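Taken verbatim from TrEMBL:
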BINDING   Gly7, Ala8, Ser9, Gly10, Arg11, Met12, Cys88, Thr89, Thr90, Ala112, Arg113, Asn114, Thr115  NAD(+) binding site
DOMAIN    118-251  domain 'Dihydrodipicolinate reductase C-terminal'
ACT_SITE  His144  active site, proton donor/acceptor
BINDING   His145, Gly154, Thr155  (S)-2,3,4,5-tetrahydrodipicolinate binding site
ACT_SITE  Lys148  active site, proton donor
Amino acid sequence: MKVGVIGASGRMGQAVIAALQTSSQHSLSAAIVSDNSARRGQAVATTHYQTLAEVQQQPDVLIDFSLPQALTDNLDYALQHQLPLVVCTTGLDASQQQQLAAAAQQIPILYARNTSVGVALLEQLVALSAAALPDADIEVFEAHHKHKKDGPSGTALALGEAAARGRRQHFDDINAGVRGNGERRDGSIGFSVLRAADIVGEHQVMLAQTGERIELNHRVSDRSIFAQGALRAGAWLVGQAPGLYKMQDILNLQETLQRLLDSESGE
């Protein structure tokens, strides 16, 4: 599989390129950067850093780890060339997510604010736990390196959304954001954010009831986990029909959970 990496000069873009350089199945066909990038024109692997307009060797799939403001151009390029697109950009607003949904009517798009397989599983566990404990207070803790710009992280928000789905509620109605002083509103989902040193990524979802609590944790010590997950997502997306997909689709988690429930009911 030939991969075009958008946002190639960033931390995650570099991690994906490093993973491609050691892969026997996939290769880097385009390392895409912004027009004003200092790396533009420099050599990397068997190609060089270039803008979208400069891409000559078309990839089989695009993996986007760029910034939200680049989304429109990236979608236009993918649509023009009918390329599958893995969007890993965090911080997209509601209108940009609508852009994704519209573009997904013509090409396959996988939107993942976190490409870790473990986080995909965690989201399902959070939804299940929130449904089973409808009265529990929910708090999402997240910690990242001190250079991360957005907060709460996209992953933390996705976990909050998973909890809301589990309770069949609209996330915006119960999102308390990063909490400060004052009493907690019943049924709300709160967030706590830490930025320090070189923490790659840590997330914890606490479901607390009087007298007991459940804590669901996920920690990453090497960002290559995200790169491997992005490549797995890209390989899966090639050949899929147009549509808007998520990491859980790759793992068939819904089918796995249904089989488990069926086996339990059959005992």
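Cβ coordinates come from backbone N, Cα and C, glycine included.
Because TrEMBL annotations are produced automatically, they should be read as predictions rather than curated entries.
Mapped onto this structure are the features recorded in TrEMBL.
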residue : record                                          : DSSP (3 states)
Gly7    : NAD(+) binding site                             : coil
Cys88   : NAD(+) binding site                             : coil
Arg113  : NAD(+) binding site                             : coil
His144  : active site, proton donor/acceptor              : strand
Thr155  : (S)-2,3,4,5-tetrahydrodipicolinate binding site : helix
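Sparsest Cβ environment among the binding-site residues Ser9, Thr115, Thr155 (other Cβ atoms counted within 10 Å): Ser9. Set side by side, the recorded positions Cys88, Arg113, Lys148 differ in how many other CB atoms lie within 10 angstroms of their CB, and the most is found at Cys88. Looking at Arg11 (NAD(+) binding site) and Gly154 ((S)-2,3,4,5-tetrahydrodipicolinate binding site), their Cα atoms lie 16 Å from each other. Per-class residue totals from DSSP over the domain 'Dihydrodipicolinate reductase C-terminal' (118-251), listed helix then strand then coil: 51 helix, 40 strand, 43 coil. On a Cα basis, His145 ((S)-2,3,4,5-tetrahydrodipicolinate binding site) lies 19 Å away from Gly7 (NAD(+) binding site). Between the C-alpha atoms of Gly154 ((S)-2,3,4,5-tetrahydrodipicolinate binding site) and Ser9 (NAD(+) binding site), the distance comes to 20 Å.
Neighbour list (His145 ((S)-2,3,4,5-tetrahydrodipicolinate binding site), Cβ cut-off 8 Å, at least 6 residues apart, same chain): Arg195, Ala196, Ala197, Asp198, Ile199, Val200. Annotation: Gly7 carries the greatest number of neighbouring Cβ atoms among the binding-site residues Gly7, Gly154 [cut-off 10 Å, Cβ to Cβ].
With respect to Cβ neighbours within 10 Å, the recorded positions Arg11, Thr90, His144 differ, and Arg11 shows the lowest count. Model confidence over the domain 'Dihydrodipicolinate reductase C-terminal' (118-251) is summarised by a mean pLDDT of 95. Other than His145, Gly154, Thr155, the residues of this chain whose Cβ falls within 8 Å of the Cβ centroid of the (S)-2,3,4,5-tetrahydrodipicolinate site are, in sequence order, Thr90, Arg113, Asn114, Glu142, His144, Lys148, Asp150, Ser153, Ala156, Gly201. Note on proximity: among His144, Lys148, Thr155, the recorded positions of the record, the Cα nearest Cys88 (NAD(+) binding site) is that of Thr155.
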